[in-house]
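Quick look at what Swiss-Prot annotates:
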type     : residues : note
BINDING  : 8-39     : NAD(+) binding site
BINDING  : SER134   : substrate binding site
ACT_SITE : TYR158   : active site, proton acceptor
Amino acid sequence: MGSSVEQNILVTGGAGFIGTHTVVQLLKDGFKVSIIDNFDNSVIEAVDRVRELVGPDLSKKLDFNLGDLRNKGDIEKLFSKQRFDAVIHFAGLKAVGESVENPRRYFDNNLVGTINLYETMAKYNCKMMVFSSSATVYGQPEKIPCMEDFELKAMNPYGRTKLFLEEIARDIQKAEPEWRIILLRYFNPVGAHESGSIGEDPKGIPNNLMPYIQQVAVGRLPELNVYGHDYPTEDGSAVRDYIHVMDLADGHIAALRKLFADPKIGCTAYNLGTGQGTSVLEMVAAFEKASGKKIPIKLCPRRSGDATAVYASTEKAEKELGWKAKYGVDEMCRDQWKWANNNPWGYQNKL
């Protein structure tokens, strides 16, 4: 496809799980990309794999910068040497449990980092942003599917940073109407690039279901803890909307194109999910099918603050962004397993 004039995109947190997959799609779509990442929850190997995936020609259009959004000088350095057409802002801490134990770290990283980014963008007159929000801004929704105009509420400090940052975006855009900001509320990103060469590789014990299942499947962890088996759902386990990371990556490109095409976008939120709810136990069964491995489970009490069922209404993104998730649970598990099987220790390549 390619853009007629090469547009230059800054991707914060571009070495992370969703970042790497989005960078691959951006490069393939003809964009130039600069990544800024501090490797808090990622590694340089992930960026090297992205380069291998896209090949030497497209790799020339990817520029990596080690930096931290909490240090304004790191952002300033980037903006002073090149012009960016837009920013995709992934960088942030994302573990609910850790945010409850260490809220200051979350406020410092997620809020201060983002405010520094806005300040620098404004200074250099780059006023287009795609922001990583989250379905956590719906709290425990009274009804499902979640629609973008629902009342928002956060259940924990992580969710609160996402909610605050949405409000900050709305306030900035209202005061300075030339800004164009799209807030993408992700549901539960899973899967991996179909090549099996990039995927999710969290540091420490995984906080999310799929990397946890994956580590059990490859023998890194003995069993999967299933939190809550007495929810009012068909099998008693919690229901979530899992979305393939490649669908998510394409959603970011659809959002970018919307920013460039629609001067009246203002500050608008879109759900990125499949619109389908899948229970934890259904996901385990699908992964067992894809991998041919048995996943031993341990039923544990519910975690406080976990909702029974959350899934997206996807109509708004379909109608306004022309985007719809293509992949189902079987493909998510197939690609997750390919990544896990090729890289049992993630990017560390331990034997």
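Cβ atoms are placed via backbone N, Cα and C, with glycine included.
Structural mapping of features recorded in Swiss-Prot.
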| residue | record | Cβ neighbours (10 Å) |
| --- | --- | --- |
| ASN8 | NAD(+) binding site | 17 |
| THR12 | NAD(+) binding site | 27 |
| GLY16 | NAD(+) binding site | 28 |
| THR20 | NAD(+) binding site | 30 |
| VAL24 | NAD(+) binding site | 24 |
| LYS28 | NAD(+) binding site | 16 |
| LYS32 | NAD(+) binding site | 20 |
| ILE36 | NAD(+) binding site | 24 |
| SER134 | substrate binding site | 24 |
| TYR158 | active site, proton acceptor | 24 |
TYR158 (active site, proton acceptor) and ASN8 (NAD(+) binding site), distance between Cα atoms, whole Å: 30
Length of the line joining the Cα atoms of LYS28 (NAD(+) binding site) and SER134 (substrate binding site), in Å: 26
